[in-house]
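Undergrad: Heads up, here are the entries from TrEMBL:
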DOMAIN    61-124  domain 'Elongation Factor G'
DOMAIN    200-285  domain 'Elongation factor-like GTPase 1'
REGION    353-392  region 'Disordered'
COMPBIAS  366-376  compositional bias 'Polar residues'
Amino acid sequence: MAYCALENLYLLMGRELEYLEGVPPGNVLGIGGLQDFVLKSATLCSLPSCPPFIPLNFEATPIVRVAVEPKHPSEMPQLVKGMKLLNQADPCVQILIQETGEHVLVTAGEVHLQRCLDDLKERFAKIHISVSEPIIPFRETITKPPKVDMVNEEIGKQQKVAVIHQMKEDQSKIPEGIQVDSDGLITITTPNKLATLSVRAMPLPEEVTQILEESSDLIRSMEQLTSSLNEGENTHMIHQKTQEKIWEFKGKLEQHLTGRRWRNIVDQIWSFGPRKCGPNILVNKSEDFQNSVWTGPADKASKEASRYRDLGNSIVSGFQLATLSGPMCEEPLMGVCFVLEKWDLSKFEEQGASDLAKEGQEENETCSGGNENQELQDGCSEGFEKRTSQKGESPLTDCYGPFSGQLIATMKEACRYALQVKPQRLMAAMYTCDIMATGDVLGKEEKVESMLSCQREKVGYFKKK
């Protein structure tokens, strides 16, 4: 909530503004003095107790991206100010600043993009700008093995054999040292050979993918809640509506993820991705470490649980990197479920125990020579205990780097290889719109086409992505 003073009232007269002293109810007007307080939409009221109206929702999602920069670098402040004004003036425009420092303009289509660029050059920034080629985002996914060919005929035995051979050829491209079974389970080992991961990729149903996309804000709130619990903050006062939305979201997932393959999958969801709120899920089926987005943080009293939680964060980070850039064209993934079937850390535990034993033996030999001074011996024992506790909590480091970094890279590669052994698909954004017209302006052919399009819409031929 912000307090501001309204400066002027205007009557919108095409390209001109007519100053007014007052405006009666039921009219459309322009208000001056709100440029520093309103971004897209807001509710204006003279009383602070007034509940705000529902924000305006636009079905047109911006998908066309271009990078904008001034022709003269000294005019960058004018460009930033102009893009800010454009963002306020157009409700369908998004302004982004990438990690590389580029200013990105996101619009709903090519015509909308040209209109925004003209407004930016002539009205808001009033400078000459350089625009990159339009970039339309794609999404990578996997599908089930096809049952029909391109003409919707059932695939015969010879075609099935050809599909199997094609999948075997794809599996043969995987480097040596990585095991692949007939069901697409990838088993990979870290570079120091101390941990082994087994990952499988499965396509999510379209209904589940749509639910994940619609619930991105709720998933982000769940992640923030879990992070605050892990940091020890007091979050007992969880809003009841938020808790109800979480359980409703979980119920929707359980309703659509049914069958033998999806048994108990919802309770074992470890993370969402990319950026921890995307339409992909990571499932943990390992018996050594059980963690879920529904159960909150792990037990902090146990050192073993704390160690597994630290290593588990590396596994989740690798999953986030894998879903952020796919193996085909480095585009984000969509509608993929990664299942961590096995997580073997037995060699890592043996290596850690042997290192602690060697260090303890060396420490005892050093301290045994100082029996004449009892205080020195006590100091050595205290130092050994301190080093032992630190050694047990921190991961090992060798010539391949920190063990946590090895887990991140190994999990990322396991997810990418698990995708490559499945039928991969590239999803493009589709722009849908409804055109309404009277019957007298439509010809016979147009009427037939409109009737057919309505019938196809009813039976679901058009899939909105």
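Backbone N, Cα and C define each Cβ position, glycine as well.
TrEMBL: automatically predicted annotations, no manual curation.
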Undergrad: Work out, from DSSP, the number of helix, strand and coil residues along the domain 'Elongation factor-like GTPase 1' (200-285).
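TA: Split into helix, strand and coil, the domain 'Elongation factor-like GTPase 1' (200-285) gives 44 helix, 14 strand, 28 coil.
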Undergrad: To what whole number does the mean pLDDT across the domain 'Elongation factor-like GTPase 1' (200-285) round?
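TA: Taking every residue in the domain 'Elongation factor-like GTPase 1' (200-285) and averaging pLDDT yields 84.
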Undergrad: Could you tell me how many residues in the domain 'Elongation Factor G' (61-124) are helical, how many are strand and how many are coil under DSSP?
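TA: Residue counts in helix, strand and coil order: 32 helix, 16 strand, 16 coil.
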